[in-house]
Amino acid sequence: MPRTLEGQITMEKTPSYFVTKEAPARISSMSKGTKLIVVVRDPVTRAISDYTQTLSKKPDIPTFESLTFKNRTTGLIDTSWSAIQIGIYAKHLENWLLYFPIGQILFVSGERLINGPS
């Protein structure tokens with residue numbers, strides 16, 4: 001990342017940062033005063049989007065339903081599937097709160113960002 005000069009703001013955007021366990025410590029070590037913007041989506045919509053992107057590249061993957069449920073009858077969700085893991089925002093936030101106070105984190109609705117970005 002380039003150095004930020006006086007009067008400049010540097011932004012970095014990578015979706016995987018929020019779910020990467022090592023990211024908060026690394027970012028905190030660079031700058032404890034970093035302000036974070038986290039764009040979140042409805043976890044179900046996010047998982048479906050993840051699935052359809054994968055499906056477009058690998059048409060032979062199992063069905064969404066078979067990946068999502070451990071037991072369809074009881075409705076037990078398979079939280080080990082990465083598309084579900086990513087949407088468990090509270091789990092990832094706990095890790096970030098070890099390094100940054102909640103006041104330095106702004107949460108933005110992905111749906112609102114798409115429908116009315118202003």
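Even glycines carry a Cβ here, placed using N, Cα and C.
All annotation found in TrEMBL is predicted automatically rather than curated by experts.
Taking the Cβ of R41 (3'-phosphoadenylyl sulfate binding site) as reference, residues of its chain lying under 8 Å away and at least six apart in sequence are, in sequence order, S49, G87, S109, G110, E111. Look at TrEMBL and you will find R41, S49 tagged as 3'-phosphoadenylyl sulfate binding site.
Per DSSP, the secondary structure of the domain 'Sulfotransferase' (27-116) breaks down as 46 helix, 15 strand, 29 coil. Sequence annotations record features per position, and here TrEMBL assigns domain 'Sulfotransferase' to 27-116.
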